[in-house]
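Among the features that Swiss-Prot reports, signal peptide is placed at 1-18, with the record citing sequence analysis. Per Swiss-Prot, disulfide bond is recorded for 31-165, 52-68, 100-258, 144-212, 176-191, 202-227. The active site, charge relay system annotation in Swiss-Prot covers 67, 112, 206. Under the heading N-linked glycosylation site, Swiss-Prot lists 123, 124, citing sequence analysis as support. The feature site 'Forms a covalent bond with the inhibitor PMSF' is assigned by Swiss-Prot to 206.
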């Protein structure tokens, strides 16, 4: 019955918003400079462009997506404007990386998660502070905040100097199943977006946080291209399902296994 209801709603929305599809943009605005102290940017020693985001979860650990793994990763913390860096901005490199599966063998619906230990810890400052892991999973219809330095237009790419933030909603997993096809009956992911489109994470936002009611609930994983299409919400790694694994690794149990 749930699937039938979701499909019916999708059909109604598709008819309602078909004429608006050409007007879609990657919605959102510049983040408030004080709202993303936990947001980090990833780049490599070969390129200064931020290619992924990540989330500081304590002074020594950053969480991002497995598909953001690269050689020679650099981690920028305390950033807002790329052109005018904050005085307390810091750069770190990973000392260790931990995966549920290899960064080459994760799937779109499972285990797209990477935990990085910084070579040197960071201190809290005006623009740097960790966010806590979630105590409970988010509920459907929760209002969430997605953020990053990814492109703000699609399919043409326009990369901003400052991170952009947008409010999106947690949706039934069945909505993503209907939208993307090929997804299993269950997965450790969250389906999030705006059904009418216009607001979405996009290229360059991968690995960044999804914050719901003040809690770090998701890691930007993948979605449709062009971004921001109606009826094509994004898919996010569900952080709550991995909290035990994360906490075990941080505690020193490097042989900890992820949930099946």
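Every residue gets a Cβ built from N, Cα and C, even glycine.
Keep in mind it's a predicted model, so treat the numbers as computed, not measured.
What Swiss-Prot annotates, mapped onto the structure for a quick look.
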residue	record	contacts (Cβ under 8 Å, 6+ apart)
31	disulfide bond	39, 80, 147, 162, 163, 164, 165
112	active site, charge relay system	65, 66, 67, 106, 219, 221, 222, 237
123	N-linked glycosylation site	59
144	disulfide bond	138, 167, 168, 169, 170, 192, 210, 211, 212, 213, 217, 218
176	disulfide bond	183, 189, 191, 233, 235
258	disulfide bond	100, 101, 111, 113, 242, 245
Structural state of residue 206 (site 'Forms a covalent bond with the inhibitor PMSF'), classified by DSSP into three states: coil
When distances run from the Cα of residue 206 (site 'Forms a covalent bond with the inhibitor PMSF') to each of the disulfide-bonded residues 52, 68, 227, the nearest one: 52
Between residue 124 (N-linked glycosylation site) and residue 202 (disulfide bond), the C-alpha gap once rounded to whole angstrom: 29
DSSP-derived class (H/G/I helix, E/B strand, else coil) of residue 123 (N-linked glycosylation site): coil
Recorded positions compared (124, 206) - the one with the fewest other Cβ atoms within 10 Å: 124
